[in-house]
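Below you'll find the structure, written out as structure tokens, and then a few comments.
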Amino acid sequence: LTFPLLSVTLLVSFGSSMLYGYNLAVVNSPAEHIKAFYNATWSQRYGHGLAHGPLTLLYALTVSIFALGGLVGSLLVGVLVERYGRNGALSRSALLVLLAGGFMGFSRELGSPEMVIIGRSITGLHSGGCCPGCAQPLPHGSGPYSHSQGMEKASYSPKALFFICLGVFSAQVLGLPELLGEDRFWPLFLSVVVVPASLQLLLLHCFPESPRYLLIERNDVHGATKALHRFLGTPDVQDVLKEMKEEQRSLSSMEMVSVWQLLRDRSVRWQTLSVVVVNAGMQLSGIDAIWFYTNTIFENTGIPASQIPYTTVGTGAIEIVAGLIGCFTIERVGRRPLIITGFCAMGVCSAGITVSLLLQAALPWMRYVSVACVVGIIAGFCMGPAGVPFLMTAELFMQSHRPAAYIVGGSLNWFCNFAVGFIFPFLQMSAGAFCYLVFCGVCLLVALYVYLIIPETKNKTFMEISHIFA
């Protein structure tokens with residue numbers, strides 16, 4: 001791994017995966033401050049404040065509209081890459097973040113809750129377009145290696161997961177009262193996203209375009225050769241160039257399958273259903289409720305308000321450790337054990353939160369059981385369900401079907417993210433402690449499906465996997 005290749009990987013991850021993680025968690029800490037701003041603005045405009053229900057609705061929309069933006073961005077990424085290249089698409093996505101930061105940063109000065117909501121939707125548009133592992137992974141394969149090498153040697157999705165965890169942790173740390181957690185700082189807290197976006201915008205032009213993009217999509221042999229020299233740090237790039245040309249010939253003779261064709265193709269119906277189940281289950285597992293509403297969950301468990309921010313930071317630190325464990329074990333242990341164990345752990349811990357909430361009035365120490373269960377959900381998610389579905393999507397399909405499979409999985413991913421973010425506050429109000437049993441049921445059902453239906457995909461060819469499904 002050369003320094004230029006490492007540098008561009010870190011730069012792209014810093015401005016995409018890490019930003020995605022930051023935007024997932026950034027609305028958790030200032031929730032009460034944002035609600036107070038909404039209420040005060042409404043009172044100034046109409047002479048009366050918002051009732052609890054409409055205020056919850058407005059804030060839930062603020063939280064969840066990020067995912068709707070992500071859904072739109074994930075569907076546009078292919079057009080952007082084809083027109084502007086990977087570097088160009090990333091640069092234009094970074095400009096979107098600067099725009100979003102401006103909307104959110106000046107929202108209070110201009111007395112406009114709408115600007116916060118618009119800013120959140122634009123950050124979602126950015127994440128959907130360039131976050132690897134969130135939908136169609138934009139930077140995936142942008143290095144000098146082939147697609148198969150990228151999947152087998154790099155395990156890109158688990159590495160992206162680490163930066164997502166780092167982004168979540170950064171938002172939790174900056175949300176401490178000693179930093180940006182006070183009421184007067186929440187617009188700045190939301191607009192911190194402009195910092196990594198600006199760095200990416202300034203530094204990305206120091207690196208050449210993706211060699212694979214130049215050769216395979218633009219047929220620019222000279223440009224691809226120069227880019228390979230820069231990334232690999234050696235004048236001898238003929239072997240890599242030859243492999244990329246073979247891939248170009250293979251792709252040119254291959255007819256790509258559309259989403260509609262994929263859904264109608266009976267030969268891969270079980271693979272398609274599996275992508276639907278694991279991607280929908282990944283978001284419906286309740287992890288987004290944990291990220292979006294951590295402080296509210298801890299408040300309901302009886303944790304003292306002064307201790308909640310630090311408890312949240314502690315869960316973020318454990319999340320990073322769990323993400324690292326997932327990165328290092330996914331190739332050794334395999335896909336099935338990690339995803340089954342992860343979903344089972346999440347299901348048991350979700351049920352544990354329900355039990356602890358029901359018993360905490362009689363047993364005050366049950367609040368610590370609730371915290372342990374939240375940590376268990378996060379750790380279980382990061383060690384398996386967070387990274388495996390994206391690797392599995394690539395391994396279940398041949399090259400001609402993969403883009404369509406990524407669109408199906410990514411779209412479901414974002415839609416379910418939106419559904420959980422929007423519905424959870426109302427589910428919590430109506431069902432109380434029992435709302436976590438919904439997530440428990442989803443997790444255990446997905447684990448059962450994987451155990452019964454999906455084979456181990458590690459070190460298996462598409463034909464071997466298809467034979468097992470048949």
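Residue 1 is the first one shown; counting continues down the chain.
Quick reminder: no glycine exception, Cβ is built from N, Cα and C everywhere.
Record features (TrEMBL):
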- 9-458: domain 'Major facilitator superfamily (MFS) profile' (DOMAIN)
- 57-81: transmembrane segment (TRANSMEM)
- 186-207: transmembrane segment (TRANSMEM)
- 273-293: transmembrane segment (TRANSMEM)
- 308-330: transmembrane segment (TRANSMEM)
- 337-359: transmembrane segment (TRANSMEM)
- 365-392: transmembrane segment (TRANSMEM)
- 404-427: transmembrane segment (TRANSMEM)
- 433-454: transmembrane segment (TRANSMEM)
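In the predicted model, the domain 'Major facilitator superfamily (MFS) profile' (9-458) has a mean pLDDT of 86. Ranked by the number of CB pairs under 8 Å to the transmembrane segment (433-454), the listed stretches 57-81, 186-207, 273-293, 308-330, 337-359 are led by 337-359. Sequence-distant neighbours of the transmembrane segment (308-330) (same chain, 6+ residues past either end, Cβ-Cβ under 8 Å): 25, 28-29, 155, 158-159, 161-162, 164-166, 168-169, 172-173, 175-177, 181, 294-295, 298-299, 338, 371, 374-375, 378-384, 386-388, 391.
Away from its own ends, the transmembrane segment (273-293) comes close to residues 24-25, 27-28, 31, 63-64, 168, 339, 343, 346, 350, 374, 377-378, 381, 385-386, 388-389, 392-393, 396, 405, 408-410, 412-413, 416-417, 419-421, 424-425, 428, 436, 438-439, 442-443, 445-446, 449-450, 453-454 of its chain (Cβ-Cβ under 8 Å, at least six residues beyond either end). Below 8 angstroms of C-beta separation, residues 23-24, 27, 31, 34-35, 38, 50, 88-89, 92-93, 113, 116-117, 120-131, 134-136, 138, 213, 292-293, 403, 407, 410-411, 414-415, 417-426 of the same chain, each at least six residues beyond the ends of the transmembrane segment (57-81), sit close to that stretch.
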